[in-house]
Every structure is written in structure tokens, then in C-alpha cells.
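**Student:** Annotation comment: TrEMBL describes GLU466 as active site, proton acceptor. Taken from TrEMBL, the feature FAD binding site covers THR187, GLY226. Residues or ranges marked as domain 'Acyl-CoA oxidase/dehydrogenase middle' by TrEMBL: 183-291. The domain 'Acyl-CoA oxidase C-alpha1' annotation in TrEMBL covers 330-480. Per TrEMBL, domain 'Acyl-CoA oxidase C-terminal' is recorded for 524-658.
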Amino acid sequence: MDRVNFRTQVLTRHLNNHHNATTDLLHTAPCVSYSPPELSEPPLNFDTKLLRKLLDGQSIADIDYVFNLMIQSNLFCPRERGGKVFISPDFNQSMEQQREMTMRRLDYLREHGVFDGWFSKKGPEGDLSRFALAESASVFDHSLGIKLGVHFFLWGGAIRFMGTKRHHDKWYKPTETYEVKGCFAMTELGHGSNVRGIETITRYDSSTQEFIISTPCESAQKYWIGGAANHATHTVVFSQLEINGVNQGVHAFIAQIRDSDGNVCPNVRIADCGHKIGLNGVDNGRIWFDNLRIPRENLLNSVADVSPDGQYLSAIKDPDQRFAAFLAPLTSGRVTIAASAINTAKVGLAVAVRYSLTRRAFSIKPNEPEVLLLDYPSHQRRLLPLVAKTYALNFASNYLKMIYVKRTPESIKTVHVVSSALKAALTWHCMRTLQECREACGGQGLKTENHVGHLKSEYDVQLTFEGDNNVLMQQISKALYAEFLSAKKRNKPIRGLGLEHLNNPAPVIPSHLTSSTLRTTQFQTDIFCLRERDLLQRFVTEVSQHQAQGESREHIFTVMYQLAEDLGRAFADRLVLQTFLDVEATVPSGSLKDVLGLMRSMYSTIVLEEDGSFLRYGYLSIDNAAVVRKEVLKLCSELRPHALGLVSSFGIPDAFLGPIAFNWVDANAWSSV
């Protein structure tokens with residue numbers, strides 16, 4: 001009975017007192033809640049619309065037009081989470097469903113006039129409008145942007161630049177209306193970056209005035225051809241042209257691979273490349289040609305032609321120059337990739353920064369509120385340098401577009417080198433940014449709906465197509481080497497590629513750096529130019545030393561790849577800094593110019609800290625490197641109050657971001673789930 005009485009007393013106390021105490025405790029302990037950063041962050045001291053105009057320029061209307069079209073349609077998978085509507089592809093769909101949805105979305109954009117007059121838009125304004133429309137589609141889904149790009153920029157660009165009037169008259173209209181669906185058959189199983197080495201062969205039959213395209217071996221099969229597996233009706237085939245037993249090098253031909261009902265044409269075989277780690281809305285395929293006959297007029301003949309009786313005709317006699325002229329117009333691919341990479345980085349940063357302005361973790365002192373993620377110096381160091389670098393690279397991307405749309409025969413070399421440098425720099429930045437944003441969002445970064453994690457696999461391919469980034473860095477070094485030797489041979493100052501600084505005395509870097517010195521445009525320009533000129537001189541010297549030992553230039557460039565990549569990065573970094581300075585010079589004194597100055601200093605300082613070449617080659621002493629590192633943290637704290645305004649100025653609509661960029665508590669509430 002004693003035990004029974006004891007238990008009765010315990011239960012009585014529990015029912016009478018403990019329940020109430022627990023209830024009081026629950027009422028007095030506040031739950032984690034969401035508060036919009038707009039309510040708690042300092043008021044903006046600069047105009048976000050003006051800053052966005054520096055990023056998107058005259059393309060804002062085109063960009064927002066496509067954004068709004070996508071937001072309005074159920075084809076773009078609208079979902080309500082936390083009281084807001086978000087759009088994004090459904091990556092839970094099968095590969096076949098994703099491909100079908102990509103085509104339906106393209107049809108929707110076509111029906112709403114996005115592609116009307118695509119080829120009739122003339123001049124730089126027309127090119128910039130085309131870029132803007134394609135970039136906007138990629139913000140929603142990389143597959144949509146790539147599918148659009150393959151059809152209009154690769155297939156359509158080949159018709160436009162490699163063809164002549166007869167091709168324009170025949171193919172422009174059906175391309176705009178998608179009566180013809182084009183793809184671009186350049187890469188092969190055995191050759192990707194090395195276009196000269198492709199093995200597909202085309203011979204001419206003068207008796208029928210036809211070209212005969214053949215795949216002589218398995219390694220010659222066309223591989224990774226976007227659009228080929230399901231949808232394309234026609235392709236531009238890159239092939240070795242053989243005339244009377246003489247190989248005239250790589251040329252491009254128009255070939256039909258499917259009829260209007262979708263049936264594969266005779267003498268053509270097509271297979272699927274299969275499921276990929278990302279970009280499954282694009283139907284990459286493989287193509288074999290079994291002596292496929294096409295009309296003589298299907299040779300894209302802007303550089304070279306074949307007469308009806310089989311004579312090879314070209315005003316450019318040198319095969320190397322002919323090959324360069326032939327591929328020069330295809331630079332547009334690198335331009336669109338660079339711009340797409342920056343837009344993707346913006347999405348990741350907008351999500352991660354907004355989340356860090358509302359998510360709290362840990363208290364610094366007992367009984368004090370938990371601290372916002374972005375108030376931790378470590379979190380600022382993770383994200384804010386990437387924000388500043390995104391602005392710097394965006395300005396560089398705009399510069400690339402302008403020199404492309406205003407290109408002349410004399411500027412083709414510059415466009416090629418700059419596009420190679422920025423394609424590599426911007427895509428590397430994109431992937432690094434997405435990884436950092438994924439980690440900065442913690443577990444929420446793993447959810448596909450929050451974008452930053454899944455975007456990594458969707459955009460990973462950027463580092464490979466249109467040129468492997470490491471190969472592009474080496475190409476830049478070869479071009480700089482050639483420019484240096486050419487000027488020396490002529491005994492003339494160097495002109496072009498921004499190398500004019502080589503004509504001046506070498507800059508002198510202060511032996512002891514201070515915060516104020518690090519922020520001057522003079523120091524930033526000097527140390528970037530010093531690094532580039534010194535690496536170029538080292539490169540020239542080492543090549544000469546190897547040549548003196550009887551080694552071939554090709555072998556030398558192969559073994560010197562590390563120095564070549566350092567030089568390529570130095571060229572890219574100096575170019576980016578210069579474009580930033582050019583933009584900054586257009587802005588009048590005031591708060592916006594001050595913020596731009598902070599970001600420019602952050603860009604230059606973070607490059608100094610992170611690139612090992614500054615210490616490796618002695619441009620920075622160990623003591624000065626320590627000063628640089630402290631300056632990065634200082635700049636982070638000064639940029640912190642502007643974080644919300646900087647990502648808002650990206651101009652990415654709320655619907656294209658992830659739920660954690662807004663009310664992530666309601667988005668994960670039971671009712672939302």
C-alpha cells in the first residue's frame with residue numbers, strides 16, 4: 001500500500017501541476033520565426049535599378065519579357081510554397097518526359113513571338129536581343145537554354161555565317177518557325193576539342209553533283225549532338241572534305257536526318273547518348289552516315305566552294321587561315337555560355353544570401369538571440385567575395401558581347417582570345433559559387449527546390465563544351481606568345497589584346513602594403529599588369545630555351561602547360577579588372593560609385609589572396625600576403641550592409657529563386673508539405 005500511495009501522489013502532482021508548468025514553458029519559449037530581410041536590413045543607399053542597368057544594359061526589356069512569359073504559364077511548373085509561387089523544371093520526371101517538356105516550352109515561347117524575326121534583327125542591337133532572349137530561358141532551365149541555343153545559335157548560326165544567300169533564302173524561315181529543327185554535328189566519339197582531327201569523310205560525285213557523307217569507323221560517329229536523339233530533322237555536319245583524293249580539311253554540310261513525321265532518313269543511323277548527370281531535357285544523340293548523298297548546294301560555302309564539275313574553290317589558299325576563318329563565327333557559343341554561367345551564379349547567390357539574412361544559428365552570449373548567418377565573419381567570407389566577383393565577371397561578359405557584336409575581320413583574333421579567357425573564367429566561377437552556396441545553405445541546399453544544389457549538375461557541362469577550360473587557357477598563352485614575338489619581329493610597340501601596358505616600364509609594387517594602398521586603382525592595375533607581363537616573359541624565355549635544345553614548338557607547349565595556364569589566368573584577371581574600371585568610370589560620384597569601388601577592391605584583393613601565382617613568382621611577399629588576407633575580411637564587413645541590395649540588383653524574379661530565399665518556415669510547414 002505504501003508503494004500504491006506513493007505512485008498516487010506522484011500522479012496527482014503530475015496532473016495538477018506538471019501539465020500546467022509544461023504549458024507555461026511552451027508559451028514562454030519563442031519558436032524560430034521568419035522575418036523578411038527587407039524589414040531588418042539597413043535601408044539601401046544606392047539605386048538598385050541603376051545598378052541592374054549596369055548589369056543588363058539595354059537588354060532589360062527583352063529579359064523581363066521572357067521572364068514574365070514563363071511565370072504566366074503552367075508549362076513552367078508553378079508551385080506555391082510559403083505563400084509565394086515558384087517555377088522550376090520537375091527534375092523528378094523521367095529523361096523522356098523532361099525532353100518532351102523542353103520542346104513544349106520552346107513551342108510556347110515560339111507561339112508567343114519570342115523568335116519572330118530572329119534572323120532579320122540587324123546590327124549589334126539584333127545580336128544583343130538574341131543573347132538576352134536565350135539567357136533568360138537559361139535562368140529557368142539550362143536544358144531550355146541549350147536546346148534553344150543549339151537550334152538558333154549553332155544550327156542557325158552556321159547557316160547565317162558559314163552559308164551564303166542561297167542558304168539564307170532557303171533555311172531562315174523554316175528555322176524561325178521550327179518547321180525545321182536543327183542540330184550541330186561537330187564532335188565525334190574520337191574527337192572533341194580537336195576539330196581538325198575529326199574522321200567523318202565527305203567526297204564529291206561530279207556525275208550526280210552530290211556530296212557523299214560517310215562514317216568510316218566507330219570513333220567517327222557524331223557524339224553528344226544536342227537535339228539528335230529525338231527531335232532534329234536536319235543537322236550541320238562537320239567533315240573532312242576530300243576532292244579528287246586530296247583532303248581539303250574540315251568543311252560543313254547541311255544534311256536531313258529525319259522526315260517531317262520524325263522518321264530517321266535512309267542511310268542515317270541515330271542512337272541515344274543516354275541519361276546524364278544533368279541537362280536531361282536535351283536529347284543528346286549519336287549519328288552515323290552510311291554514304292548519305294546530299295545536293296552540292298548543301299555545302300556551306302562562305303569560305304570555300306566546289307564547282308559542279310568538282311573543282312575546289314577558295315580565295316583563302318593557306319589551309320590554316322581557311323580553317324580559322326571557317327570557325328571564327330562560332331564564337332557566339334562561348335559568348336552565350338559565359339553569360340549563362342553568370343546568370344546561374346546570380347541565382348545561387350540570391351538564394352544563399354537571402355537565406356543567410358533570415359536564418360540564425362548559435363548565440364554569442366548566454367540568453368541572447370541567435371545570430372544571423374551573414375553576421376558571422378566566416379559566412380561573409382564565403383559569400384560576399386563571390387557576390388563582388390559575380391559583378392566583376394558580369395561587366396566582363398558585357399564587354400565580350402559588345403566586342404562580338406561589333407566584330408570586324410581585324411578584331412576576330414581579339415574576340416577569339418577574349419571569349420576563350422572569359423568562357424573559362426566565368427564557368428569556373430559559376431561552379432565554385434554554386435558549391436559554396438550549397439554548403440552555405442546547409443541541409444536546405446540539398447533540396448532540389450532550393451536550386452543551388454541541383455544547378456551544379458545541370459551546369460557542370462559548361463566547363464567542357466565549347467572548349468575544355470584548361471585547353472582554352474593554353475590557347476590564350478599561345479596567342480599572347482605570338483603577339484609578343486610579332487611585335488618584337490616588327491620592332492614595333494605591342495597593340496591589341498590589352499597588352500599595351502607591356503610597352504611601359506615594369507610597375508613597381510610597394511614593399512609594405514597598407515589597406516589604403518590595396519584599394520587604389522593604381523596598385524590594383526599595377527600588380528595585375530606586373531603578373532601578366534612577367535609570366536609572358538617567362539613563357540617566351542622558356543619556349544626559347546626549349547627550342548634551342550631542338551624541341552618542336554608543339555611539344556614545348558605541351559610540357560609547359562602549368563606556366564601556360566598561369567599566364568592564361570593572369571590575362572583573364574587583368575581583363576576583368578579593366579572592364580570593371582571602365583564601367584566604374586561611367587558612374588558619377590555618389591553612393592553607387594562607392595559600392596562599386598568596394599566590390600572592385602574586393603575582386604582584386606580576393607584574386608591576390610586566392611591565386612598562388614602572386615606568391616609563387618614573388619609579386620607578393622609573405623608579409624604582404626598577410627595584409628591582403630586581413631583586407632578581405634575588412635572588405636567583407638563593409639560590404640555586409642549592402643548584401644541585400646546587391647543580390648536584389650541582379651534582377652532575378654522571386655519566382656525563379658528557391659523557397660528558402662523567402663519564408664522558409666512557412667514553406668516547410670505541415671500545410672505546405
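Each residue's number is its place along the chain shown, starting with 1.
For all residues, glycine too, the Cβ spot is worked out from N, Cα and C.
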**Student:** Taking the Cβ of GLU466 (active site, proton acceptor) as centre, how many other Cβ atoms lie within 10 Å?
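**Tutor:** For GLU466 (active site, proton acceptor), the 10 Å Cβ neighbour count is 25.
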**Student:** So how many other Cβ atoms are close to THR187 (FAD binding site), meaning within 10 Å of its Cβ?
**Tutor:** 18
**Student:** Please give the average pLDDT for the domain 'Acyl-CoA oxidase C-terminal' (524-658) in this predicted model.
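**Tutor:** For the domain 'Acyl-CoA oxidase C-terminal' (524-658), the model's average pLDDT rounds to 96.
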**Student:** Tell me which residues of the chain lie with their Cβ under 8 angstroms from that of GLY226 (FAD binding site), as long as they are six or more apart in sequence?
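**Tutor:** The list for GLY226 (FAD binding site) reads ILE146, LYS147, VAL150, LEU154, CYS183, PHE184, VAL282, ASP283, ASN284, given in order along the sequence.
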**Student:** Counting by DSSP secondary structure, give me helix, strand and coil numbers for the domain 'Acyl-CoA oxidase C-terminal' (524-658).
**Tutor:** 110 helix, 0 strand, 25 coil
**Student:** What's the CA-CA gap between THR187 (FAD binding site) and the residue listed as 'active site, proton acceptor' in angstrom, rounded?
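**Tutor:** Counting only the Cα atoms, the answer is 10 Å.
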